[in-house]
Amino acid sequence: MSSVLATVICVVMLFWGISDAQLSPTFYASTCPNVSSIVRGVVEQAARNDVRLGAKLIRMHFHDCFVDGCDGSILLVDANGINSEQDELPNQSVEGYGVVDDIKTAVENVCPGIVSCADILALASEILVTLAGGPTWQVPLGRRDSTTANAARTSDIPSPFETFENLSLKFSNKELDSTDLVALSGAHTFGRSQCQFFSQRLNDTNPDPTLDTTYLQTLRQACPQGGNPSRLNNLDPTTPDDFDNNYFTNLQNNRGLLQTDQILFSTSGADTVAVVNRFANSQTAFFDSFAQSMIKLGNLSPLTGSNGEIRADCKRVN
């Protein structure tokens with residue numbers, strides 16, 4: 001290959017953001033070998049004071065990855081040239097930013113300028129799932145942080161009001177299939193949701209027919225018309241703080257809290273129904289698929305090589 005042709009190829013690759021660098025669980029083996037234990041130490045302590053932390057950070061990671069890939073852009077606050085994604089409707093109820101800052105501080109104290117905020121979100125998600133009784137997996141690492149946010153693209157994030165068709169489309173647009181959709185929705189096996197995100201299902205005159213009638217009455221009492229729209233409710237009413245497969249049994253019993261939960265099982269002819277049944281019958285099958293889907297999610301358009309940066313402060317570009 002001539003040097004001219006090689007230069008042209010390199011320029012094209014840079015233009016398209018293509019990098020030959022790959023994510024790897026051993027990315028920090030020589031530069032910050034204790035990164036996982038540092039992250040674990042912070043989140044274990046924080047989780048003792050906040051049982052919802054795992055659900056909060058895995059949701060943050062998911063919302064980050066659905067907007068231009070897993071690049072830590074959700075963490076950026078408004079600044080000169082930065083229109084924060086945090087202010088947009090899908091992210092207004094996202095929480096846990098302070099813990100991310102605490103993790104970053106702890107990591108920077110040991111390995112300054114080495115570990116990205118995007119990788120911190122991926123690592124913290126895996127650790128917190130495991131702490132709640134869920135699966136463990138080798139987290140591919142080596143993402144770099146964006147230098148921009150993209151508030152407009154937060155519309156890519158699925159809302160709790162999506163139709164089945166729109167929900168499936170938003171996942172397939174990210175090259176995530178129906179198994180990924182069901183597996184990642186299984187993260188709703190822990191955490192909470194506000195009344196405002198499902199109260200449309202409780203309508204007095206026309207309630208959602210896919211809601212179990214007893215559960216409907218329970219939810220109406222928790223979220224009365226004219227009540228507090230921000231009141232929190234368990235996403236999984238059976239084991240609300242454990243990472244298990246009861247979420248899928250709930251769907252079989254018409255006890256999915258969000259519309260986008262229940263439609264995975266109640267949409268006639270949908271390919272997700274068989275996946276829900278498989279995961280309800282086998283926690284091992286769910287755990288295996290969840291780990292694989294989290295790796296696929298974490299591989300969405302990462303910045304690698306010389307693209308992006310390693311932020312010193314997750315809230316701001318360097």
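Placement of Cβ uses the backbone N, Cα and C atoms for every residue, glycine included.
All TrEMBL annotations are machine predictions without curation.
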Recorded disulfide counterpart of Cys111 (TrEMBL; options Cys32, Cys65, Cys70, Cys195): Cys32
Euclidean distance between Cα atoms of Cys195 (disulfide bond) and Cys70 (disulfide bond), Å: 29
Number of other Cβ atoms within 10 Å of the Cβ of Ser73 (Ca(2+) 1 binding site) across all protein chains: 29
Neighbouring binding-site residues, C-alpha within 10 angstroms of Cys65 (disulfide bond) - of Asp71, Ser73, Glu85, Asp236: Asp71, Ser73
Reported mean pLDDT - the domain 'Plant heme peroxidase family profile' (22-318): 98
Sparsest Cβ surroundings (other CB atoms within 10 Å) among the binding-site residues Asp64, Asp71, Glu85, Asp236, Asp244: Asp244
